[in-house]
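One structure is given below, encoded as structure tokens.
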Amino acid sequence: MRSEKSLTLAAPGEVRGPEGEQQDAGDFPEAGGGGGCCSSERLVINISGLRFETQLRTLSLFPDTLLGDPGRRVRFFDPLRNEYFFDRNRPSFDAILYYYQSGGRLRRPVNVPLDIFLEEIRFYQLGDEALAAFREDEGCLPEGGEDEKPLPSQPFQRQVWLLFEYPESSGPARGIAIVSVLVILISIVIFCLETLPQFRVDGRGGNNGGVSRVSPVSRGSQEEEEDEDDSYTFHHGITPGEMGTGGSSSLSTLGGSFFTDPFFLVETLCIVWFTFELLVRFSACPSKPAFFRNIMNIIDLVAIFPYFITLGTELVQQQEQQPASGGGGQNGQQAMSLAILRVIRLVRVFRIFKLSRHSKGLQILGKTLQASMRELGLLIFFLFIGVILFSSAVYFAEADDDDSLFPSIPDAFWWAVVTMTTVGYGDMYPMTVGGKIVGSLCAIAGVLTIALPVPVIVSNFNYFYHRETEQEEQGQYTHVTCGQPAPDLRATDNGLGKPDFPEANRERRPSYLPTPHRAYAEKRMLTEV
């Protein structure tokens with residue numbers, strides 16, 4: 001049975017036992033790193049003035065943590081008070097201590113913000129596994145380099161990478177970002193303007209020596225009906241079917257008109273900038289595989305490849321020789337080529353997503369959708385069930401009506417979708433009493449179906465929005481960890497002696513590092529790989 005010693009404080013820097021003999025702090029079992037201590041021995045932990053008392057065997061359950069490892073926690077030991085002192089967040093320590101008492105259950109107190117509690121977890125060194133489990137319980141995305149910005153090792157590549165990838169890094173980088181945004185906007189405007197009737201290449205009335213443009217003058221209904229035809233008339237009224245007899249002069253004329261078109265020239269300048277930017281960023285990126293895994297870089301590739309496909313198609317059409325016969329086959333081949341080109345050029349609209357590289361709002365929206373994929377999947381699944389159910393119900397409810405607008409269940413899918421989403425397009429509607437009842441139930445079910453997952457999506461958006469705001473605010477402050485003595489404490493073989501404790505001098509107080517202060521730093525921490 002262990003006999004407890006009654007200790008009395010004497011002069012600063014010395015501790016006396018029951019017989020009055022002088023003892024060093026290294027004579028205490030706990031202060032000496034736990035050597036020879038009983039597993040049921042208790043110790044006191046002082047968190048910013050709030051004292052906690054627990055057993056050593058409770059902390060020893062996790063020996064790889066700050067409190068569980070005697071060698072790590074010993075530098076916070078105060079021999080004058082015979083306790084450990086931490087100048088940390090007090091409400092968070094309730095959950096930290098419960099982590100040891102419960103054998104690994106980590107729960108954040110409701111009155112502690114998430115970022116503060118994450119900082120406390122890292123300070124007490126609970127480990128990456130506990131941190132990952134806690135983030136998963138909190139609904140956070142796993143950490144994996146999202147806030148860590150890798151940089152190339154070469155100085156020149158590092159400067160180029162910062163210049164084109166991080167607009168906030170310098171003034172020239174902001175200038176390049178502004179130029180990139182302007183080029184993106186010009187490309188989108190050109191994509192929209194070239195579809196106007198005043199500028200659209202129509203190919204009718206080709207008496208001007210090439211492909212004519214649509215006149216802005218109003219035309220009669222008969223000519224408007226003819227405009228809906230997909231046939232094209234080229235140089236001097238030559239139709240696509242007559243190209244075989246007309247030689248390649250019409251194609252040359254078309255090619256010359258295509259390559260001298262103002263829209264094509266502006267588009268070419270935009271593509272030159274996009275290609276230059278992509279190649280520079282690829283040559284300076286720190287990791288080539290990670291470069292192609294980035295969704296933004298994939299969008300950049302998708303934004304420029306339709307131009308080169310269209311350009312290659314036009315060049316091939318100019319160089320190939322048309323046969324003297326088989327005009328019908330050429331007509332069908334050209335119609336197929338035009339259809340493919342329309343689909344390819346439609347991909348140009350995805351250039352608008354390039355703006356998300358320079359917009360925090362679009363990035364937050366993308367992260368919200370990524371984090372809400374499960375809720376969005378449930379929403380689509382519920383809508384699918386509702387569409388099948390109510391389209392079948394309205395079809396059979398309207399089956400006896402001769403004027404029914406629902407000839408089949410697949411035809412009623414459209415009505416069910418616009419009704420459940422509360423759009424109410426109005427092109428299809430029930431006429432019978434039973435059909436109207438089904439329509440009412442469909443609208444109510446649609447409101448409930450859409451309303452259920454929306455709060456989760458809004459919650460994710462708020463989380464990412466506040467996290468982005470907090471990161472911007474944290475970029476303006478530098479946090480200095482408090483509670484660690486400034487000089488390095490070195491443990492002796494027999495424990496901790498008086499020379500190892502600066503608090504055992506006449507000042508009676510440890511020399512702590514300064515409190516958190518404001519530092520006007522705008523940049524985030526960038527790690528070099």
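Glycine is treated like the rest: Cβ placed from N, Cα and C.
Database features, via Swiss-Prot:
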- 1-171: topological domain 'Cytoplasmic' (TOPO_DOM)
- 1-33: region 'Disordered' (REGION)
- Ser3: phosphoserine (MOD_RES)
- 172-193: transmembrane segment (TRANSMEM)
- 194-262: topological domain 'Extracellular' (TOPO_DOM)
- 210-233: region 'Disordered' (REGION)
- 210-220: compositional bias 'Low complexity' (COMPBIAS)
- 263-284: transmembrane segment (TRANSMEM)
- 285-295: topological domain 'Cytoplasmic' (TOPO_DOM)
- Cys285: S-palmitoyl cysteine (LIPID)
- 296-316: transmembrane segment (TRANSMEM)
- 317-337: topological domain 'Extracellular' (TOPO_DOM)
- 338-358: transmembrane segment (TRANSMEM)
- 359-373: topological domain 'Cytoplasmic' (TOPO_DOM)
- 360-373: region 'S4-S5 linker' (REGION)
- 374-395: transmembrane segment (TRANSMEM)
- 396-409: topological domain 'Extracellular' (TOPO_DOM)
- 422-427: motif 'Selectivity filter' (MOTIF)
- 430-436: topological domain 'Extracellular' (TOPO_DOM)
- 437-465: transmembrane segment (TRANSMEM)
- 466-529: topological domain 'Cytoplasmic' (TOPO_DOM)
- 488-513: region 'Disordered' (REGION)
- Ser511: phosphoserine (MOD_RES)
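In the topological domain 'Extracellular' (430-436), helix, strand and coil residues by DSSP number 4 helix, 0 strand, 3 coil.
Only residues 6 or more beyond the boundaries of the transmembrane segment (374-395), in the same chain, are considered here, and those with a CB under 8 A from a CB of the stretch are 406, 408-410, 412-413, 415-417, 419-421, 430, 435, 438-439, 441-442, 445-446, 449-450, 452-453, 456-457. Neighbour list (Cys285 (S-palmitoyl cysteine), Cβ cut-off 8 Å, at least 6 residues apart, same chain): Pro152, Trp161, Phe291. Taking H, G and I as helix, E and B as strand and the rest as coil, DSSP gives the topological domain 'Extracellular' (396-409) the counts 3 helix, 0 strand, 11 coil. Sequence-remote contacts of a segment are chain residues at least 6 beyond its ends whose Cβ falls under 8 Å from one of its Cβ atoms, and for the topological domain 'Cytoplasmic' (359-373) they are 139, 141, 295, 353, 453, 456-457, 460-461, 463-465, 468. Here the topological domain 'Extracellular' (396-409) has long-range neighbours at 415, 428-432, 434-435, 437-438, meaning same-chain residues at least 6 beyond its ends whose C-beta is under 8 angstroms from one of its own.
With a threshold of 8 Å between CB atoms, the same-chain residues lying at least 6 positions outside the topological domain 'Extracellular' (430-436) that come near it are 394, 397-398, 400-401, 403-406. Note: the topological domain 'Cytoplasmic' (359-373) comprises 13 helix, 0 strand, 2 coil (DSSP; helix = H, G, I, strand = E, B). Taking Cβ pairs closer than 8 Å, the topological domain 'Cytoplasmic' (285-295) reaches residues 150-153, 157, 161, 366, 529 in its own chain, all 6 or more past its ends.
Summarised by DSSP class, the composition of the motif 'Selectivity filter' (422-427) is 0 helix, 0 strand, 6 coil.
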